[in-house]
């Protein structure tokens, strides 16, 4: 889990738009966040395996 102070700091409006970054809405992780789902890769994988993300299936070819 992310530090509470870092999550609070990120939620405030930044002075410059360049400083804004995505953060996982579930755990607060700042890296490897899928914008479409607003989830990090770890949370995305957990929820996808449980079938809680509609339209997402495990690939097989």
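Cβ atoms are placed via backbone N, Cα and C, with glycine included.
According to Swiss-Prot:
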BINDING   24, 27, 40, 43  Zn(2+) binding site
Remaining residues near the recorded Zn(2+) site, that is with C-beta within 8 Å of the centroid of the site residues 24, 27, 40, 43: 25, 26, 28, 29, 33, 39, 41, 42, 44
Listed binding-site residues (24, 27), ranked by Cβ neighbours within 10 Å, top entry: 24
Binding-site residues (40, 43), the one with most neighbouring Cβ atoms at 10 Å: 40
